[in-house]
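**Q** Structure provided below as structure tokens; questions to follow.
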Amino acid sequence: MHALSGFSLVSLLSLGYLSWDWAKPGLVADGPAEAEDQPSAAPPQPPHIIFILTDDQGYHDVGYHGSDIETPTLDRLAAEGVKLENYYIQPICTPSRSQLLTGRYQIHTGLQHSIIRPRQPNCLPLDQVTLPQKLQEAGYSTHMVGKWHLGFYRKECLPTRRGFDTFLGSLTGNVDYYTYDNCDGPGVCGFDLHEGESVAWGLSGQYSTMLYAQRASHILASHSPQKPLFLYVAFQAVHTPLQSPREYLYRYRTMGNVARRKYAAMVTCMDEAVRNITWALKRYGFYNNSVIIFSSDNGGQTFSGGSNWPLRGRKGTYWEGGVRGLGFVHSPLLKKKRRTSRALVHITDWYPTLVGLAGGTTSAADGLDGYDVWPAISEGRASPRTEILHNIDPLYNHARHGSLEGGFGIWNTAVQAAIRVGEWKLLTGDPGYGDWIPPQTLASFPGSWWNLERMASIRQAVWLFNISADPYEREDLADQRPDVVRTLLARLADYNRTAIPVRYPAANPRAHPDFNGGAWGPWASDEDEEEEDEEEEGRARSFPRGRRKKKCKICKLRSFFRKLNTRLMSHRI
């Protein structure tokens with residue numbers, strides 16, 4: 001005890017000498033935070049796949065990008081693996097998750113607009129074969145821990161019906177980290193933590209980052225390394241609300257900005273969670289035949305403590321700060337390690353890449369927009385991807401200065417869209433707030449937040465950048481290169497011809513948690529689904545003679561909420 005004199009428990013935690021995972025009996029056995037690497041041997045096939053997804057982590061919010069936030073585990077794993085420095089995701093939650101699990105752009109799943117909200121009768125289309133389903137076909141055990149956010153209005157939409165053997169996590173977009181409550185408007189609140197298809201009331205009170213890491217470790221402890229495993233860990237961190245255990249806040253006590261301080265503490269806690277999962281992989285015999293993929297889901301929300309510096313924009317925008325992702329691959333199976341890859345990679349690419357690693361196959365009939373990029377990542381070959389459709393959102397067409405004439409008669413530039421072809425990036429419509437927010441503006445709150453470098457022109461609806469030469473999007477070349485603008489507008493039009501209609505239904509009052517025992521969960525039946533389909537068809541064409549819509553109070557409420565969605569909810573993320 002004398003050796004510890006002058007030190008407090010908090011100071012030990014702040015220095016990283018204690019770990020909440022293996023410090024608790026029965027979760028992970030006592031031992032060092034990093035186990036020794038196991039002797040190399042010819043790995044069996046196929047490999048174990050661990051996909052770790054973080055929520056709202058900014059491009060600048062990792063140590064190896066020069067952040068003031070401590071992420072020693074992520075820094076080490078990235079340094080020993082392959083850093084993906086030309087990696088793209090989507091600007092908000094649902095689209096990134098849908099593209100990860102389907103390998104398809106939003107325009108091919110009907111999820112082009114916004115996110116799936118708790119009261120919407122909507123989910124990842126049931127006709128889509130998901131990544132975990134393909135891995136199950138290849139003989140994998142599949143497990144998910146964390147945030148789903150792909151819809152749940154019917155039981156068929158739940159993770160355990162979409163390819164996962166087990167699930168522990170939340171179904172909605174953001175919950176309290178301790179109580180797991182989530183509100184979708186004033187007075188519309190419910191509990192959202194689920195174990196399989198049941199509400200996990202008994203787990204309330206445990207900080208979600210720790211709970212999810214502990215569950216991941218339990219899965220590894222109870223699973224045989226001889227059977228291939230797919231473990232998808234979708235942390236809630238570091239999405240709002242900004243909540244962190246006190247011991248992590250203490251580490252950043254000198255940060256002047258309260259939001260940044262809480263955010264930094266959450267990132268470091270998440271980093272330690274990744275450390276504990278990695279340690280469990282080594283302890284239970286998975287590591288030598290494993291592939292660990294780390295990815296953010298969208299850009300950081302700068303007004304909630306995140307930073308995307310030196311990139312332009314933030315979460316919810318199509319500037320680089322909204323769509324450039326944090327990503328790396330760590331694996332003993334990599335042929336060329338300890339390097340940075342500039343190969344163009346998009347989140348849709350993980351579907352065919354991981355199916356290929358698993359020994360499965362994909363074909364043109366699958367309609368995938370992703371590519372198998374494993375040779376580019378593992379061996380340093382050229383990426384098969386040369387372009388990315390960031391999105392086309394036909395419902396978001398409010399740019400005042402956009403028009404079909406402004407798009408050379410090829411494209412209505414009022415429509416929000418963004419595309420990358422080779423080194424060129426084109427944006428139309430309203431891409432979102434395009435500020436550059438350097439880290440020094442985060443020193444205090446709220447005054448210095450507004451001391452930003454604002455984008456110079458707002459009276460336009462077309463932007464063109466050479467991303468290879470200008471990754472920070474400072475020099476708009478649209479006026480200088482109308483030939484390139486025409487080419488990319490035509491490419492947008494080509495993509496748009498393959499798009500399916502947007503599915504963004506109005507909120508359904510029956511989804512209220514009060515009708516489901518106080519918890520968010522499935523509420524619709526097959527009859528409800530038929531009625532929804534009937535309403536969708538009715539908006540596109542007149543009903544045939546002799547067929548009449550049901551008259552009901554709920555239908556009138558749906559009409560009201562649909563109008564409300566159009567005016568207000570389309571602007572929220």
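The backbone N, Cα and C atoms fix where each Cβ goes, glycine too.
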**Q** Where Swiss-Prot shows Asp55, Asp56, Asp297, Asn298 binding Ca(2+), which of Cys93, Cys269 is named for the same site?
**A** Cys93
**Q** Taking Swiss-Prot at its word that Lys147, Lys315 bind substrate, choose the one of His218, His239, His390 listed for that site.
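**A** Among His218, His239, His390, only His239 appears alongside Lys147, Lys315 as substrate-binding in Swiss-Prot.
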**Q** For Ca(2+), what surrounds Asp55, Asp56, Cys93, Asp297, Asn298 with a Cβ no more than 8 Å from their Cβ centroid?
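**A** Along the chain, the qualifying residues are Thr54, Gln57, Ile92, Ser96, His239, Ser296, Lys315.
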**Q** Can you list, in sequence order, the residues of the same chain other than Lys147, His239, Lys315 whose CB lies within 8 Å of the CB centroid of the substrate site?
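**A** These residues sit around the substrate site: Asp55, Asp56, Cys93, Gly173, Asn174, Gln236, Val238, Thr240, Asp297, Asn298, Gln301.
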**Q** Just how many other Cβ atoms lie inside 10 Å of the Cβ on Asn496 (N-linked glycosylation site)?
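**A** Its Cβ has 16 other Cβ atoms within 10 Å.
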**Q** I'd like to confirm something. Which of the recorded positions, Lys147, His149, His239, Asn276, Asn466, has a Cα closest to the Cα of Asp56 (Ca(2+) binding site)?
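**A** Answer for the nearest of the recorded positions: His239.
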**Q** Given that the record lists Lys147, His239, Lys315 as binding substrate, what is the largest C-alpha to C-alpha distance among them, in Å?
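**A** The substrate-binding residues span at most 18 Å between Cα atoms.
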**Q** Cβ distance under 8 Å to Asn298 (Ca(2+) binding site), same chain, sequence separation 6 or more: which residues?
**A** Asp56, Ile89, Gln90, Pro91, Ile92, Cys93, Ser96, Lys315, Gly316, Gly322, Val323, Gly325
**Q** Going by DSSP, give the three-state secondary structure for Asp55 (Ca(2+) binding site).
**A** coil
